[in-house]
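Peer 1: Take this structure first; my questions come after.
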Amino acid sequence: MSAILSADDLNDFISPGVACIKPVETLPAKDPSKTDNPYEVTTEDKVQPENLPPAQISLTDCLACSGCVTSAEAVLISLQSHAEVLNTLDAHPELPLNREDGTITQELGTASDEGRVFVASVSPQVRASLAATYGITEKEATYMIHQFLSGPHGLRAGGKNGSGFTWVADTNVLREAVLVLTADEVGETLTTSPDSPSTNGATNTLPKRPILSSACPGWICYAEKTHPFVLPHLSRLKSPQALAGTFFKTVLSKSLGIPASRIWHLAVMPCFDKKLEASREELTDASWLSAKDEDHTAVRDVDCVITTREMLSLASSRGISLPNLPLKSLPQSYIPPFPDMTLNDFLFSKSSPGQSAAAGTSGGYLHHVLQTFQARNPGSEIVTQRGRNADVVEYTLMSSEHTPILKAARYYGFRNIQNLVRKLKPARASRLPGGNRRLPVGRGAASGSSGTDYAYVEVMACPGGCTNGGGQIRIEDAREASSSVQSSTSAEVPDSSSKPTPHEQRAWLARVDEAYYSAESDTESEAGSQSQPLSILDKEDKIHNAMRYWSDSMGIPLSKLAYTTYREVESDVGKSQPAATDTTRVAELAGKIGGGW
C-alpha cells in the first residue's frame, strides 16, 4: 500500500449522519381564511402548509429508519444515559429490604408507591476496560463497581434519597446459561429438520442452518432492516443482558409481591447498541406474563443501559472518584440475600466463569459450541483456518477417523458480515422460462466455504469483538483519568495532550483484552483452592437444573423466559401520508399512462 492509504487507517466506524432521515421542518402557518380547492392552480411559493401538531422523533422512528445503526445511537444517548440513572435514583427511594431474608420490611401502600428495588448487571468487558484504565486487576475492578453502585461511599453517599443498587450481578453467569442453551439449539438443528418445533416448548420452529449468533444488537438491527432473509437463521436465544433483565424482573416480582414496574434494572455494557436492544418490544414483561390486563403497559426487562464511559460520567456527576473507592468486597450488611436461595446460589456463585483467549472477547459462543461437541465426541480435534483477515476464522471439528463432524466460523466487523450475508443470500430466480436459479455473485461467495456448510456462526458488529465496543473507555479518556491518579502504572500511559497513534490504539486494546482474559486466572485460583473445576458436561447439568428450577418456580415456560423473536423492520418514512383524494389518484393514473391534464 502507499503511504497515503494504509491498512492502519481502515476502520468500520461510521460517524453519525449530519441530517436526519426524518427531519423536523419549521414551516409557516396556514392562513385559516383560505379554503382548499383541489382544482385551484397556484404558484409554489403561495402554497400554505397544513397546521400540523409539533413533530416528534421517537425511538420507534429510529428503529424503523433505513439509515445506519450509528444514527440511532445519538438519539438513544439522550433517552438512556447517566442523567436518567441520576434522575431515577432521586425520584424514587429504595424499598427497604430485610437483611436476613431479603423481603420487604414495610407495608406496600400509597405511601410507598414511589419506592423501587434497584438492581444492576455488569458485563465483563466493562470490568476489563476499567481495569486497564486504572491499572488494577479485573477482580479489583469488580470491587470498584460494587462499591460505586451499592457501597456507602458510592451513589448512596449522595442524591435526594441516598438510593443505590441492592443487587449487582455479573452477566457472565447468565452468559453461561446462554452458552449451554446455544449448544442445545445447535444440536437440535443437526438432528432434526429445519421446520421441526423446538424441544424446549417454544411455539416457533428451530432456526435454519447455519445458526447465526444473536447477542450483538448492532448485527441484529442491521439484519432486520437490511437483510431480512437471514432472520430465519438467527438464534432464538436472548442475550445475557436480556436474560438478566427477565431473570431479575420475574424472580423479584414474584418473591417480593411487587409489579415489574417497581423493579428498576440498569445494565452497564460496552456497546451503545445495547440501548437499542433494551428498547425492543419483544424484551418486555408482555412476552412472559401469563395473564395480562388489557390496560397493562409493557415494562422493559432492562430499564436503562449505560456504557463504560457513561459510568465515568455518572461518577463525575456525583463527585465520586472511582480509584479512591475501597478495592475490596462489600460487607454482607450492605447486600441482603436474594429472596430465593436456590437462585441466589446460581446468580451469585463464588467462582463466576472467566474466558480463555481461544474463546475470544465476545462471550465465547462459538468456542463453547465447539468444546461441547468435542466433549460429546471423544478423540475428535478442532482444526482452525484463518480467513481473509484476523476477524474471520473457520473451525472444523474432525472425528478420530478424520471425517468432519461440524463446521463453524467467526465473523467480526461489518466488512466481513457483508461477505457472510452474500453467502447466505437466496439464489435469484431466472426470468427466462426453464432457466436455472442464479447464485449471488460476490467476492464472499467466490471464496471460502459456502455459508450453508456451517452449523454455527458467531457474528459481532465490532472488529476485534466486544472489548472494542463503541462505549468502552478510549485511550484519550484513559490518559485523562490516569493523569489524575498517582499510581505505579501512570507512567505507562502516554501524554494526554498528544493524539494517539494507530500503534498506541492497538496497544491499548491489547491491554483491555489482557485484563479481560485475566479473569480466567483469577477464577481458576479461587476454584483451585475450593474444588476441582466442573467439566463441560457437568456445567450443562448444572445450568439445565437451574433453568428448570427457574421456570418451574415462576410457572412460566422456559421458551418465554430465555427465547425471543425477530421481525423485519421496514422504514415508515414517508408512508404515514393522508389518504389520497380522487383527484390525486386520477392525476397519478394519468401520469403513469403517459397522459396529463
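Cβ atoms are placed via backbone N, Cα and C, with glycine included.
Checked Swiss-Prot, it gives:
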BINDING   C20, C62, C65, C68  [4Fe-4S] cluster 1 binding site
BINDING   C216, C271, C462, C466  [4Fe-4S] cluster 2 binding site
REGION    428-449  region 'Disordered'
REGION    479-505  region 'Disordered'
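Looking at the shown structure, what environment does each listed feature sit in?
Peer 2: For C466 ([4Fe-4S] cluster 2 binding site), the same-chain residues 6+ apart in sequence whose C-beta sits under 8 angstroms from its C-beta are S123, Q125, C216, P270, C271, T361, S362, G363, M460. The DSSP secondary structure for C466 ([4Fe-4S] cluster 2 binding site) is helix.
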Peer 1: What is the set of residues, excluding C216, C271, C462, C466, whose C-beta falls within 8 angstroms of the centroid of the C-beta atoms at the [4Fe-4S] cluster 2 site?
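Peer 2: For the [4Fe-4S] cluster 2 site, the extra neighbours are P217, G218, P270, D273, S362, M460, A461, G465, N468, G469, G470.
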